């Protein structure tokens, strides 16, 4: 069997990225893609690579996942995450988890250490303790920006919808040298959401899906809309019908927009290692590494290309 050339694609969320955050979002997705790719180059699995890339963005306060997550109506962080292995369709997810730094790590443990696929809230918390995952104070995850936004949204004349556009769910998809694909997605959800609200991220087929027979995808955008059309699975269905990753992504996003008025973004890799990063929102931060070249962008039609060596050099100097 010819060995595959590994590919990783990451996104830092679709929506509106305010000017002052652009550079941080650029740097964050590039760093995540380079980290995931480094693992793939050493022969690491697609699952390892997507977990590593997402963990890197959970730790980055620029994104609405892990540290930097938005707050629910009570002013707390509740996070959702999913990971899926395209080899055997194994998946693990957690929803409404609090007080842990990396929900994606917990999702992976759900996939590998339990017979279940999704653990929520208190049960996820008990499982995290059993697995020795350190608990951190909830405040540790809260940034000044999240708290400011939460306060603004509490004002009587506020429109939380306006702020939702600056979302920042994070995700990654990859194909490794064995030809296995995987996806991972993690989020803090919607600002000022009801307690216990779970969006698309933790739902298999909506927040992500991976199948070696077709490819892998991770989604971002308006969760309720994504769930209505089961966006991730819809994209893979279109690829199974013979569409390229780009066509499949655009067709599915277009359907979501016309059918339910929802906007979002997706990253896709197919079983041949072809990739796409597409969105119907104003912006989506994304980065890809393939053939030792890094591609990245934020605006529609924008694509920068650097060699990995060049990117790693500027990475070491501070982006």
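In case you wondered, yes, glycine gets a Cβ from its N, Cα and C as well.
Among the features that TrEMBL reports, active site, nucleophile is placed at 169. Remark: residue 169 (active site, nucleophile) has 11, 13, 14, 63, 64, 65, 185, 186, 187, 201, 219, 220, 221 as non-local neighbours, by Cβ distance under 8 Å and separation of at least 6 in sequence.
The annotation substrate binding site is assigned in TrEMBL to 197, 198, 199, 200, 220, 221, 222, 223. Cβ neighbour count for residue 199 (substrate binding site): 23 (other Cβ atoms within 10 Å of its Cβ, all protein chains included).
Here the binding residues for substrate are 197, 198, 199, 200, 220, 221, 222, 223. Their largest Cα to Cα distance works out to 16 Å. When the neighbouring Cβ atoms lying within 10 Å are counted for each of the binding-site residues (197, 222), the highest count belongs to 222.
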